[in-house]
Each structure stands twice: as structure tokens, then as C-alpha cells.
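Okay, structure first, notes after.
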Amino acid sequence: MKIGLVKTNFPGERRVPLLPKDIKDFKNEILVEEGFGKFLDIDDQEYIDKGCHILSRAEVFSESEAIFSLKLIQPTDYPYLREGQMIIGWTHPFGSGRLFMKEQALPKKLIVVDLDSNSPCIYYENEIFESGIPKGLLYKNSFYAGYAGVLDALLQYGFIPTEETKIAILGSGNVAQGAFSSISKYSSNIRMYYRKTMSIFKENYTKYDIIINGIEIGKEDDPILSFSEQKSLKKGTFIIDVAADAGNTIEGTHFTSMDDPIYENDGKYYYVVPNTPSLIYRNVSQDLSKILSENIFSEDCSRFLSIKS
């Protein structure tokens, strides 16, 4: 299968998901957009030496059966998408990619292979299929999201916590673990809450100075912090949503960006940057490339078409 890799044009994104050193005996033909590896100082010739074809962005879209885009494809690329084309990457169909699914994936009958860190699935014509991709494959990326996101949030906010700072972390998964690993360098006054102890958080949430969210709730679930509950938070409370579950886990929040990462509302501060692993893109690119090479690019991606049979 012809797989096209395009440079992500998602704001602030710098990760390079395929490095030349990891291209070995691929069963797919790889088409790469010119300048693909520029953030890591990788020349196009290094991809050519590994058997890849270097093309313009428009040519990659037009000649590829499948497009790999690390982050959600942006509206400027919508005209390039062809009916029945395969899209591989982090699409977040029920989150930030909801509009993409409605306006592009469904009308154009796109086959969307979503690389969700916990349960990678294939989305096609309002149906969801098992992808065969191992679950939890990209857990390190989620860990880095929590780790780097918390560091960035604190620096952008201009505050390093002390033992007097009361900190709550929602969740116990990879994102929450990364957040804990990061913020515990500065304070041990931390309480982690998960599903069984969330009722205790509800009894104490107004006491915290920093609330870190590492949970992405389901589309039918109630928010963990509603509008009314947020009003009860003390002035200056800092909410760091490293799960980037905008508007869901923390009701009414909206995405922020690396250029403008924090906003204030009613005396509370919110950080909801959706691609925090890119803050440490040099580390993350190494892990991503190895894992994606072994589990996505090396095997013929036409296997994902079996859902249509």
C-alpha cells in the first residue's frame, strides 16, 4: 500500500513520527512530504536513501492510498482528501476530531485508523471496528503528555509548587502518572484520585490550589467538575488539563495553544494544550518512530481494509 506522510500543520506540533534509521523492510511504499524531518535536521536525502519518495504536499495526498498525519488533519487540507482514502493518526473522533468526522470522514467515506493510546480502532461509515493494533502501544506518549504538560503549565503560570501547595491529580493512567512524576519533584502534598475515590475528591475539591486532570471521559459521561463546582473553587485555582479533554471532564473548558496556553475565567486559570508531548519532541520522536515502524509501517496497511469485506 502507498502510505503518505505529511508534515503536521497542527499548531505547535514538532514531532517527527518516522525516522530514516527505523525504515527497514517495510511492506508499504512510503511517500514523504519534502522537508518532513526538518525539526530534527533530517535531510530529504536520508529518506530517499531508505527507499522513500519525496513529493510535494499536494502530490503526497493525491498519490497515496493512506495518509499518516500524526495530529488531526486541519481544514486547509480538506480539499486534498479523496473519497475512500485511509487516514492513520490521532484523530480523536469523539473529542477534537468530532467535526472532522462529521464534515470529512463520513461524507467522503474515509477509513479512519485512530491511534488512541488505549484502544486503537477503525472508524468507517458510523461503525467502529477492532484495528488489531496492540492496546496501550503508545503509552509513553501519554506519559510524556502528562509530564511535559505539567512542567510547561507551571512555567507558563509562573509558579513552582511547595509543600504548602495542595495538589490533586485526577486519574491513575499513563497521563496522570506522567503528571505525578513531574510535579512530585517539587512537592509531596499530592493526592491522586481515580474512579473509586472520586467521591472523596468531590468532598474536598475546593481545598486544592492546583487540580491536574488526566482523565478523558466518555461522550455520555457527566463532567467531573461542573460549571457550578468550578464557581466554588477558590480564587487563583489552577486547572491543568493534560488529558486535553476540553469541555468534557472539566465542563465548559476550551483548548488553548502553545502560543497562548492559559486563560482566566472567574478568577480561575486553565491550561488545556492538546499536544503537550511535542514540547519534548526530540525524545518523543525517537519512541514514536520505533513503535510506529514496527506496528504500523512495516506491515502492509491494506490489512485495515478488511473491515469493508
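One-based numbering along the chain as shown.
Keep in mind that glycine also has a Cβ here, set from the backbone N, Cα and C atoms.
As recorded in Swiss-Prot:
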| type | residues | note |
| --- | --- | --- |
| BINDING | ARG15, LYS71, HIS92 | pyruvate binding site |
| BINDING | GLY171, SER172, GLY173, ASN174, VAL175, ALA176 | NADP(+) binding site |
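Swiss-Prot feature annotations superimposed on the structure.
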residue	record	contacts (Cβ under 8 Å, 6+ apart)
ARG15	pyruvate binding site	THR8, PHE39, LEU70, PRO277, SER278, TYR281, VAL284, SER285, LEU288
LYS71	pyruvate binding site	THR8, PHE10, GLU13, GLY89, TRP90, ASN275
HIS92	pyruvate binding site	LEU72, ARG98, ASP114, ASP116
GLY171	NADP(+) binding site	MET192, TYR193, TYR194, ASN213, GLY214, ILE215, ALA243
SER172	NADP(+) binding site	MET192, TYR194, GLY214
GLY173	NADP(+) binding site	ASN118, SER142, GLY214, ILE215
ASN174	NADP(+) binding site	SER117, TYR139, LYS140, SER142, PHE143, ALA145, GLY146
VAL175	NADP(+) binding site	SER142, PHE143, ALA145, GLY146, GLY214, ILE215, VAL242, ALA243
ALA176	NADP(+) binding site	GLY146, ILE169, LEU170, MET192, ILE212, GLY214, ILE215
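Residues ARG15, LYS71, HIS92 are the ones the record ties to pyruvate, and the longest Cα gap between any two of them is 18 Å. For the NADP(+) site, the Cβ centre of GLY171, SER172, GLY173, ASN174, VAL175, ALA176 serves as reference, and the other residues of the chain with Cβ at most 8 Å from it are SER142, GLY146, GLN177, GLY178, ALA179, GLY214, ILE215, ALA243.
Excluding ARG15, LYS71, HIS92 themselves, the residues of that chain whose CB lies within 8 A of the CB mean position for the pyruvate site are, in sequence, THR8, PHE10, GLU13, SER69, LEU70, LEU72, GLY89, TRP90, PRO274, ASN275.
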